[in-house]
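Listed in TrEMBL:
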SIGNAL    1-37  signal peptide
DOMAIN    54-149  domain 'Ig-like'
DOMAIN    153-244  domain 'Ig-like'
DOMAIN    259-347  domain 'Ig-like'
DOMAIN    352-440  domain 'Ig-like'
DOMAIN    446-533  domain 'Ig-like'
DOMAIN    535-626  domain 'Ig-like'
DOMAIN    633-728  domain 'Fibronectin type-III'
REGION    713-742  region 'Disordered'
COMPBIAS  729-741  compositional bias 'Basic and acidic residues'
DOMAIN    733-827  domain 'Fibronectin type-III'
DOMAIN    832-938  domain 'Fibronectin type-III'
DOMAIN    942-1038  domain 'Fibronectin type-III'
DOMAIN    1040-1134  domain 'Fibronectin type-III'
TRANSMEM  1140-1161  transmembrane segment
REGION    1169-1189  region 'Disordered'
COMPBIAS  1170-1189  compositional bias 'Basic and acidic residues'
REGION    1265-1285  region 'Disordered'
Amino acid sequence: MPHTQRQQVGSRGQCSSSCPRLLILVLLSFTAQPCQTAIHIPSNYHISDLKRPPMIITQPESVTVFSVEDLVMSCEASGNPQPIFHWTKDGKKFDPSSDPDLRVTEDPGSFAFYMHSSTMEPLKQYQGKYVCYASNDLGTAVSNEAILNIDAPPSQQKERKVNVKSEEGSSIVLKCNPPQSSMEPIIHWMDWRLHHIQLSKRVMVGKDGNLYFAHLTSKDSRDDYTCNVQYLATRTILAKEPITLTVNPSNALLRNRRPHMMRPTGLRSEYHALRGQTIELECIVQGLPTPEVSWVRKDGELSESRTVKTMFDRRLRFSNISESDSGEYQCISENSQGKTVHTYTLTVEAAPYWTKEPLSQLYAPGETVRLDCQADGIPNPTISWTINGIPISETDKDPRRTLTASGSLILNDVDFGDTAIYQCRASNKYGTILTNTNVYVIELPPQILTEDGNTYTFTEGQKALLECETFGSPKPKVIWEKGSMSSLLADPRVNPLTDGGLEITNVTKNDEGFYTCAILNTNLSVTAELEVFNRTVILSPPQNLKVQPETTAIFTCLAFVDSNLSPPLIQWRKNDKKLFESHSDEKYTFEGQDLIIANVEADDEGVYTCQVITKLDMAEASGTLTLCDRPDPPVLLQISDSKRRAVTLSWTPGDDHNAPVQEYVVEYEDQGSKERGWEELKRVRGDEVRASLPLWPYISYRFRVIAINDVGKSDPSKSSEIHNTLAEAPDKNPEDVRSESMDPDTLVITWEQMDKRDFNGPKFKYRVMWRRVVGSGPDWHMNYTTTPPFIVNSISNFSAFEIKVQAVNEKGEGPEADPVIGYSGEDVPLEAPMNVGVVLMNSTTIKVTWGAVDRETVRGHLLGYKIYLTRLGPRGHHRGRRAQELESILITETGPNEEKKVISDLRPYSHYTLVVSVYNKKGEGPPSEMLSFKTEEGVPGPPMSLTLDSPSETEMTLHWMPPSQPNGILIGYLLQYQQVTESDDSPMQVETIDDPTVTHLTLKGLDRHSHYRFYLRGRTAAGDGELIMRKGATTLDGAPPSNISLSMGENSVNFSWVARKRHRNVPFQIHYLNKNDGSKWKKTEKVNSSQSFYQLQGLTPGSEYHLQIIYNNSTHWEKSIQTEGTEVTAVQPSFATQGWFIGLVSAIVLLLLILLILCFIKRSKGGKYSVKDKEEGPMDSEARPMKDETFGEYRSLESDLEEKRTASQPSLCEESKLCSQDNLDFNGSSAITTELNMDESLASQISRPSEVHEGFHALPDNSSFNPTSVSPATNGMPNSVTILD
């Protein structure tokens, strides 16, 4: 049943504190015997005092009496009213309280009697069978039968000392003969030190207490074999007379003997047992050597759960034996001389036991009661009934009472007089069992025990259970309703339960709502609310993963959970076993909805299940993890079915490692061109193990195969044996035959070099053929080469040729080649375009026209025309101004067939020149005659800048710079501005400025609370130009800050405030007064209101100060503060503050400083040395520059500069002006000037100018160096030829 969540939303029928205390009763709780059944009035059923039938809760026990203290017979029972006890002995009424020899103890709910006499003589009269009866108004309960036996305690008997002699190797039995008693003795064979005799397969104790030797050895001789008999009930141990055993050693070799039964004797024996008992089968054998014993069941297998072998396998014990254990068992004894078998016939019968007991119940008048009483046993028991201990046959006959053949008792139409305790007895020859059953005919008012207002929550698809527990007699009838629905039970999913609950299978959202449970014909009802949530669904289940070893696998489990539910628990399982996050090896890591498995190994393979668990439901999904890897390479490559240009290659697949092979790649290696390496030849599907391979002629092949699966490629297989193909004539000619002539008077023929595999044979070469398209006749010029290109010299410029190239080898020539048209080298055009003209379309667009040139003068492929436009500057400016401007050149290219071109994006009001030239691949021809024109005036560009300045709260001054591109003559400006509003619909105000020299304007009467947008345009005769826009507001009058935060220290106070936006900066001063020392007022420097922060320093710790902000000679703000710390007291003067001491210390320091300077000067004026040696030698630690670098080691200028860039300590340049940019010349033209006299060699190194290698100046001009590239000839065949015709 799904978990339900109850929420109490109301209650009904609860008692107030004035209600009488109600009893919570348990009716007829039968706990004494397992055959009795408990009946409960629910604990939450409210009822006052209720009668309860008597119930035996402590049964009288059977006892064997050895002394007067042992005679105790007791009985306990419960009931309301308290039950009254009476007894029977051997079926006759027995009153212990009337016997003077018995003492009776009678308390509420209990009765016991004891022996009053101290002598044993009266005990024998009390031997018998006792039954206890407990009675009250509702009936009589009968106890089980208790048997009281009288027995004398076992005692020590006088015995003679026994001496036993026997030969070594023979078997013997030492008798124990325990005293006769009703108690089962426990036998211990011990020596005089009370140490147990060591038992083994050779020496053991029988169930009869005797000590059995399978065969004797000389070590068995001793005189203290003592049998100790223990009786647990009387706590008695009796020591028998010690037995002396003498073993006579045998002078001859011991004679082995086959096994022989010692106990039991013979070949067969029979045993009887009762169901549930414990019984042992014994098998003690003699023989030499000691026999081994085993047990078998002839008609089946031994029960492992109920049998166990003890006493060195000599006993087979049955625990809780059952009828199925009946059968034949064999003990098989074996040694080297043979074996013996003893058969045990085990018969298991049973005393009566219950298979169905009648239930104690509450009944309403008029109901029919059926008491089913069934028992089993061997032999079958007889069922009989008594009422309140009286046999039915001895009661008045009642036609409403029926006894069935199966032993059931039926009571029809019961009334209050039928309330009684009915005893069912089952008897056979092994005993009698009895059970008490209460039939309690009563009327109890109905009550609903389930709380009102419970809320039940389920998810869609579950089985919903709404509880409505009721109690009453007769049993209340329950009806369910939902709102106004009268046909609730018409839904086949809705099922009323016998306990009053309502079950709804496959619940849906439509089932939500309030349900009412009511008891028929009463006004009792409760309401329950049903809430249905969305079921938990796994949206993205774990996928089946195939991963490589030692990698990471990630399972993802994305689920949908109803938002009304708490976050779910995500539980991962592997092969249905719960996984826990690893902390030591980090094997499993849980990150949100992911399971991360690190370093995947073979043991990690399996099915991984994601369980999304909420408090209402659970969803789960699984994915498999399979370890996979690259396949092993194929093996056993074989070549077969060899043909002229084909062969069949077969192989045996390797292990695919759980990732099926998708395809195989067949690779080959040309043994004659091993530098090419292995190349792919063919791919085949992964389910094929052979491939037909196309081959090229005249190649020595070696093959190998690579397998590919989802993980990757296998290693290559071992290569196959070598396979050679025969030479043949070429199959094809080179492709892309063309001319790439660049120089005049030459024809360059080239093509794509053929793959060596297409040579098809030895001595491969190209046959090159060419002829003029016009005037050369049908004859072809022919030559041979091994590599492209092929150059033909001394031919005219840009002449058309037919060219073709054919492949040839020793075996023949390739197919006939198709000719293509090629041209000899081009030259630059000879003529310029004529009739060039310009048409002005507007201030930025022109149309250029020209006449087409003669194609013969182009001397090559006409690619088009180039138009050069040069802007000389704006119109109307003098030449000097124009010369200062940079000329801009615009180049426009056209197609070969165009004779006009429209050019846009020119600058208005500008002076341009124009020329046109024709060009081909070789270059451009001469330019046309220069044409000059001027563009018309246009609108100006935007002003270069616009800044705002507010002199007052209602005024704004605009400053601007003229447009950088006026595009004409500037005649003024247009200013527009408007207030910024949310609707952006404020009116636009306009100011026209007719003076082009004006660069500022002040607007007055502006709103101090508003922001404005300002738009400014320049103007020419052509119109208004492009605008520049700025947004701003006027600056408000400022004031010193008033909302000031203070932070006090020991010697300072921090002032902080928020500077107000748009407010003008205001200077003010802070005045402060120390109240502790009686000093005068002090004041700070001017502070600006826009600073937002100021620190007042120099204060005294632990002092009280008064602060004021003064503005315009008036106090704007004031406050008293206390600095932190304690007030400093005057320090007593010491000698350290005396003038003579300070002067003495100063003189000593000055003297030391002078000595130090002299030492450094002397070191710096040491002997001369080579700067190079100094630089290359190791640096002395003492020669390193000091912190201020006033003195130090001399370095070259280059090393100085490098150290200045990389040193972490402050350099001389950083601390002085000696190395400022004004004092350094890094070009080598001057030396550094300092007060330090530098070594001449060092100065020469620093001031030496950089040398330039003469080799760079000796190079000739590259423009004049243009060597002709000639391809090397191979095989003695030329790559170029001069044609004379």
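Think of each number as a place in line: the chain as shown, counted from 1.
Using the three backbone atoms N, Cα and C, a Cβ is placed for every residue, glycine included.
Caution: TrEMBL annotation is automatic and unverified by curators.
Taking residue pairs at least 6 apart in sequence, the domain 'Fibronectin type-III' (942-1038) and the domain 'Ig-like' (352-440) share fewer than three C-beta contacts under 8 angstroms. Listed by sequence, the residues of this chain that lie at least six past the ends of the region 'Disordered' (713-742) yet keep a Cβ under 8 A from its Cβ atoms are 630-635, 637-639, 642, 644-645, 647, 649, 651, 654, 665, 667, 669, 671, 678, 695-707, 748-754, 758-762, 764, 766, 788-789, 801, 803-815, 817, 820, 822-826, 922.
Per-residue pLDDT, averaged over the domain 'Fibronectin type-III' (733-827), rounds to 89.
In terms of DSSP helix, strand and coil, the domain 'Fibronectin type-III' (942-1038) has 0 helix, 58 strand, 39 coil.
Shown for the compositional bias 'Basic and acidic residues' (729-741): DSSP residue counts in helix, strand and coil, namely 0 helix, 2 strand, 11 coil. Sorting each residue of the region 'Disordered' (713-742) by its DSSP state yields 0 helix, 5 strand, 25 coil.
For the domain 'Fibronectin type-III' (832-938), the DSSP-based tally of helix, strand and coil residues reads 9 helix, 49 strand, 49 coil.
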